[in-house]
Amino acid sequence: MKGVHFPVTAIALLAFATLLASASDPSPLQDFCVAINNTDPAVFVNGKFCKNPKLASANDFFSDKLRNPGNTSNPIGSIVTAANVDDIPGLNTLGISFARLDFAPNGLNPPHTHPRATEILIVLEGSLYVGFVTSNADGNRLFTKVLYKGDVFVFPVGLIHFQLNVGKTNALAIAGLSSQNPGVITIANAVFGSNPHINPDVLAKAFQVDEKEVDYLQKQFWYNNH
């Protein structure tokens, strides 16, 4: 499959716009805090330990992960390539990360949520049908829009959202997220593909379906595109 490449200027503009927003992660108390892995199992921190700033280098703030198209030859026709603190140690404490979203025609990024981040998405190629659902207290209202090249859409923190390629060609989008480690929960995978499985009685009552349908869904392979 021929991939879609995106201009560096688009990434620069998106990075600038995202940095202007308030981050959800705690503010840093120094210029930067390059992440390192700690081997002491008795110690746990909310985030990452810091490298000695004197030992930091440009590579701590660099990644080429988003340079090339991802492989969309999978059951849902999309792939998300993340660039977070695990990939760019220099993101530690800075409250920002990125992701590249590649879509084949009719490819779907299934309903999911980021528990720790708001997402802002810009379409660089193709057209996407996107949307999010509000919380129970707000009546689970659905907000949707068809986005074209250059369009931007925001998904508020924690809300279920999705993207579907409605064009006849490949689509490409870049997402900025307001956390160094936004996390992701794909709804279908979590509900029907949990390990171990949720008791079918629970799901049958919750979805108001027969237990045989729940059993069928739990036996399916739930592909993870993140």
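Each residue, glycine too, has its Cβ placed from N, Cα and C.
Just so it is clear, the model here is predicted, and its values are computed rather than measured.
Listed in TrEMBL:
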type: BINDING; residues: ASN109, HIS114, GLU119; note: oxalate binding site
type: BINDING; residues: HIS112, HIS114, GLU119, HIS161; note: Mn(2+) binding site
type: DISULFID; residues: CYS33-CYS50; note: disulfide bond
type: DOMAIN; residues: 64-215; note: domain 'Cupin type-1'
type: SIGNAL; residues: 1-23; note: signal peptide
Rounded to the nearest Å - Cα separation of HIS114 (oxalate binding site) and CYS50 (disulfide bond): 25
Distance from HIS112 (Mn(2+) binding site) back to CYS33 (disulfide bond), taken between C-alpha atoms, in Å: 30
Overall pLDDT of the domain 'Cupin type-1' (64-215), taken as the mean: 97
Close in space, distant in sequence - HIS112 (Mn(2+) binding site), Cβ under 8 Å, 6 or more apart: ILE160, HIS161, PHE162, VAL184, ILE185, THR186, ILE187, HIS226
Residues close to Mn(2+) site centre defined by HIS112, HIS114, GLU119, HIS161, Cβ within 8 Å: THR113, ALA117, PHE132, PHE155, LEU159, ILE160, PRO182, VAL184
Listed binding-site residues (HIS114, HIS161), ranked by Cβ neighbours within 10 Å, top entry: HIS114
Same chain, 6+ residues apart, C-beta under 8 Å of the C-beta of ASN109 (oxalate binding site), given in sequence order: ILE76, SER78, VAL80, LEU101, PHE103, PHE162, GLN163, LEU164, ASN225
